[in-house]
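Have a look at the structure below, then the notes.
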């Protein structure tokens, strides 16, 4: 990262770096990337665990709703990207300009800080999840490492005996720190693209291969997923489906930062009112839209594939991935149709999926946290090296904090629930802010079509409606978890 930022500040808009947008689809595809990083964040514990569980419990009935959820929220994402490119401002900087500010830093920026802490608790659950998966995959390796640690520090014997996955959780934390501390945008995009393409391809092949097993998916089963209905007493589950699939609150915060680091706003340049600026802005916004919709296709394919595996393999057997048997049940989703040799493949793949989401979230949170520190007045604005140092420190801090939360609150379900509530409350806020940017901040020449406007309103209304239904239910579930914990 230091070499990359030594050459330029990705958040600056120097006139010498202005570029004309690509003229062909092939050239534009070479300029995408932020959306793939976002897809890497999305295809994580939600798709691997929650979406598969939905298929296992409900069969194919929610297939239509998953597709709707994955598609409709992208319109909010695109409008945030549009404003970031036209203004050169990342998410928190844009939110800080909203009306209703009482303090020097807008209250919604402070709200993000609180939400971020809750979602880092969620990352603690992912850290522990990677540890548990790799412990099941390679128990002998962790035993050797544990023996070495205990020999050096005998006082840790009881801790590692009670929680053998802790070794892998620590290794996961260190690996994330090593990857993102010196990893600039290009390394993150390159590595994430490889993992996302690999996971998506393998999952698609697994679904296709079901045709040669006892769990083949018929056209009638697929058709049952498009009857636009919910099972009896399944409305709360339907709301949960909308909440956990597709783009979430944290991803909406992340996306403008990745767009800026890719260089979209930099290529457009600072607004000068000229026809040339408008032409460049329109061109690069089209590239961003292509990026967003390509990523939507990628994470929708992955989400639907995990859902179909749960519906086709686990649902007929009455198997529900939950509790202490969660990972084993998910592993049987592959071992049942394809044989026991796929169990280790699933465990390694699950570890890669969770680790990918962990390091991407830590990298993105580090950029937002650096912006927060600058907006709060704790660091000077517009100094690239200052921002770099703050980002690097947070790249070390967030993985450690995630591990700390897992050690202190070692119930992953509680951690995920806390993060889920925080995101459920925040999603309507960011959707409302997007509406404000659309009608109050976007230059007239860059405004979207009426169709896009209409779908943006559909997404916003759906987000508000689902949040009003889900948030009370999530608080009730959280209270039950807390009571059971103590």
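Glycine residues also receive a Cβ, built from the backbone N, Cα and C atoms like all the rest.
Note that TrEMBL annotation is computational and uncurated.
Sequence-distant contacts of the transmembrane segment (25-50) (same chain, at least 6 residues past either end, Cβ-Cβ under 8 Å): 77, 81, 122, 125-126, 129, 188-189, 192-193, 195-196, 199-200, 240, 244-248, 250-251, 254-255, 258-259, 261-262, 264, 286-288, 290-296, 298-299, 302-303, 306, 321, 326, 330, 350, 353-354, 356-357, 360-361, 364, 416. As annotated by TrEMBL, transmembrane segment applies to 25-50 (among others).
Under the heading transmembrane segment, TrEMBL lists 62-85 (among others). Within the same chain, residues 34, 38, 51, 54-55, 91, 94, 222, 225-228, 230, 237-238, 241-242, 245-247, 251-252, 255-256, 259-260, 264-265, 268, 281, 284-285, 288-289, 292-293, 296, 299-300, 303-304, 307-308, 311, 430-431, 434, 437-438, 441-442, 446, 448, 452, 455-456, 458-460, 462-463 sit at least 6 positions outside the transmembrane segment (62-85) and bring their C-beta atoms closer than 8 Å to a C-beta of that stretch.
Residues or ranges marked as transmembrane segment by TrEMBL: 105-124 (among others).
Feature annotation from TrEMBL assigns transmembrane segment to 166-183 (among others).
According to TrEMBL, the transmembrane segment annotation covers 190-213 (among others).
Summarising the annotation, TrEMBL assigns transmembrane segment to 233-257 (among others). Sequence-distant contacts of the transmembrane segment (233-257) (same chain, at least 6 residues past either end, Cβ-Cβ under 8 Å): 34-35, 37-38, 41-42, 46-47, 50-51, 54, 57-58, 61-62, 65-66, 68-74, 76-77, 80-81, 83-84, 89-92, 94, 112, 115-116, 119, 292, 296, 299-300, 303, 361, 364, 367-368, 371, 420, 422-424, 426-427, 430, 434, 462, 466-467, 469-470, 473.
Sequence annotations record features per position, and here TrEMBL assigns transmembrane segment to 290-314 (among others).
Distant neighbours of the transmembrane segment (341-361): 37, 40-41, 43-45, 47-48, 119, 123, 126-127, 129-130, 133-134, 136-137, 172, 175-176, 179-180, 188, 192, 195-196, 198-199, 202, 250, 327, 330-335, 398-399, 402; these residues of the same chain sit at least 6 beyond its ends, with a Cβ under 8 Å from one of its Cβ atoms. Annotation comment: TrEMBL describes 341-361 (among others) as transmembrane segment.
As annotated by TrEMBL, transmembrane segment applies to 390-409 (among others). Listed as Cβ neighbours of the transmembrane segment (390-409) (distance under 8 Å, sequence separation of 6 or more from its ends, same chain) are residues 1-2, 120-121, 123-128, 131, 166, 169-170, 173-174, 176-177, 180-181, 358-359, 361-363, 365-367, 369-370, 373-374, 379, 415.
According to TrEMBL, the feature transmembrane segment maps to 421-439 (among others).
Taken from TrEMBL, the feature transmembrane segment covers 454-471 (among others). Panel annotation: around the transmembrane segment (454-471), residues 72-73, 75-76, 79, 235-236, 239-240, 242-243, 421, 424-425, 427-428, 431-432, 434-435, 438, 448 of the same chain, lying at least six beyond its termini, place a Cβ under 8 Å from a Cβ of the stretch.
Ranking 166-183, 190-213, 290-314, 421-439 by CB pairs under 8 A with the transmembrane segment (105-124) puts 421-439 at the top.
The stretch from 166-183, 190-213, 421-439 with the most CB pairs below 8 A to the transmembrane segment (290-314) is 190-213. Outside the transmembrane segment (190-213), and at least 6 residues removed from its termini, the chain residues within Cβ reach (under 8 Å) are 33, 36-37, 39-40, 43, 179, 183, 298, 301-302, 305-306, 308-309, 312-313, 334, 337-338, 349, 352-353, 356, 360.
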